[in-house]
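Below is one structure, written out as structure tokens; comments come after it.
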Amino acid sequence: MYTLEKRVNRIIEMITCTLMVIMVMVAAYQVLSRYIFNAPSSFSEEFLRYSLIWLSMLGGAYVFGKKKHIAITFLQNKLSEKLKKVTVIIGDILVIVFSILVLIIGGAAIVSNTMGQMSASLGIQMGYIYMILPLTGFLILLYSILNLYQVIITKKPAEEFEYNETGEIKG
């Protein structure tokens, strides 16, 4: 299970890093074309807007999978170990339900509804832009299932796991 999580993390890292490099180059091109050549690029702003959406959504899924997201643990820290585990399991189940209903099913509906619409400058179908919703939903679903598996199999709350700098669980 851990190797699957590690591979997915690596793929997301490569995609987001590549996308970030491309975004920096396109932003530099946009600045050059607008202020140096006085001929603003029509595609660059739209490309950057949609790329930022993809980068944010993939980054959010990645941070969720690495358990580095913001969490309010005030009440959970006051609970017994058994109740902590129950809250972690309930939380993961709620995230699974949300990712299935809102991101995957809702995202798929948005994708199918917008496949006929074209973006103004890029000329691509808007469904491809919205494709990030079900993709992110699937990634969050996968991470939640892996986390739930970890909590149930190891018999301790996920928050008690200690991770090294590469995200691996310390022995």
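Placed from the backbone N, Cα and C atoms, the Cβ positions cover glycine too.
A TrEMBL annotation is a machine prediction, not a hand-curated record.
Now, the feature entries from TrEMBL:
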DOMAIN    23-152  domain 'Tripartite ATP-independent periplasmic transporters DctQ component'
TRANSMEM  12-32  transmembrane segment
TRANSMEM  47-65  transmembrane segment
TRANSMEM  86-108  transmembrane segment
TRANSMEM  128-149  transmembrane segment
Long-range Cβ contacts under 8 Å made by the transmembrane segment (12-32), restricted to residues 6 or more beyond its ends, are 40-41, 44-45, 47-48, 51-52, 54-55, 58-59, 61-62, 65, 139
Outside the transmembrane segment (128-149), at least 6 residues beyond either end, the same-chain residues with a Cβ under 8 Å of its Cβ set are 1, 4-5, 8, 12, 50, 53-54, 57-58, 60-62, 64-65, 67, 88-89, 92-93, 95-96, 99-100, 102-104, 106-108, 110-111, 114, 119, 158
Using DSSP three-state counts, the residues of the domain 'Tripartite ATP-independent periplasmic transporters DctQ component' (23-152) come to 102 helix, 2 strand, 26 coil
Same-chain residues at least 6 beyond the ends of the transmembrane segment (86-108) with a Cβ under 8 Å from one of its Cβ atoms are 76, 79, 130-138, 140-141, 144-145, 147-148, 151-152, 157-159
